[in-house]
């Protein structure tokens, strides 16, 4: 199947988005370091001096540009193509961190980068064509088809169960609770973003969609889903180590988004079984590379990978320490190694 002009536009925008977002992390971190050096108070301890640092604002502007490019990409290409390409921002951050922040990239991390690139290439080659949409009412009819309504109902039920039953009981000990909430809501937010982006695209082409209430309904859904998603993502990041949250969130969010897109926009209709299998395989390779990248993030800075713990995986070390993985949220200000946390816990008991 040929690569359409709209798919090409969506691919280029998604690629630009990953470049800008990946670079923004490094620029903001550089700004945070500079602000901390000037004021003596780090953001992690409640300092806000970074708000006066131009470099941090440059990072924020860069991130906003990346998010806008990602938003527009969904108006041109299917989510099956755009969403997995978000993993490329991790590669950009990892590579720039090595040269700008002197954060060493482990050899397995390099392998993870190669896997993400290879998987992305496979996805791009076998991506489905974007089905032409002529009005926001057409999108609304897709959103109200029985299969997608069943998906939405399932998501809402699961989110309510996670928020009101599991979050109070085990939200701070099980990483899947908070990440599950923001991943489920994230899949609905992407569908709404795609609908809104398509409506704006049609409007700029001369077919004004802002006159229809359906467009503003999607605006409301985007706002609701994004606020909920960001709230619980922040809770997950505040409770658990980023190296644990990021790959789990990426896997769940991307998988659910692709599933929602396949149901609502019927991305795989008209595709051969071979193309669908190739996309799934490419997606699995990207997921594996992403997990490998995050797993090896702390290899060089944490002594948990030296001495008596050199042969243990992070997950096994976590189980040996406390059984619930809480040691993974070690204090980044003091950079306590994992075994030091283990010893502290043993002394407490």
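Backbone N, Cα and C define each Cβ position, glycine as well.
Automated prediction, rather than curation, is the source of TrEMBL annotations.
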Range among 198-215, 216-233 that TrEMBL annotates as transmembrane segment: 216-233
Tertiary contacts of the transmembrane segment (6-27), as residues 6+ beyond its ends and Cβ separation under 8 Å: 55-56, 58-60, 62-63, 65-67, 69-70, 72-78, 81-82, 85-93, 96-97, 100-101, 124, 127, 129-130
Best-contacting stretch, by C-beta pairs under 8 Å, relative to the transmembrane segment (276-296) and drawn from 48-65, 71-96, 216-233: 71-96
Intrachain neighbours beyond the transmembrane segment (71-96), with Cβ under 8 angstroms and 6 or more residues off its ends: 6-7, 9-11, 13-15, 17-19, 21-23, 25-26, 105, 109, 113, 116-117, 119-120, 123-124, 127-130, 190-191, 193-194, 197-198, 200-201, 246, 250, 254, 257-258, 260-262, 265, 267-268, 279, 282-283, 286, 289-290, 293-294
Residue numbers, six or more beyond the limits of the transmembrane segment (175-196), whose CB comes under 8 Å of its CB atoms: 71, 74-75, 79, 83, 136, 139-140, 143, 152, 155, 158-159, 162-163, 166-167, 215, 218-219, 221-222, 225-226, 228-233, 235-236, 239-240, 244-245, 248-249, 252-253, 256-257, 259-261, 264-265, 325
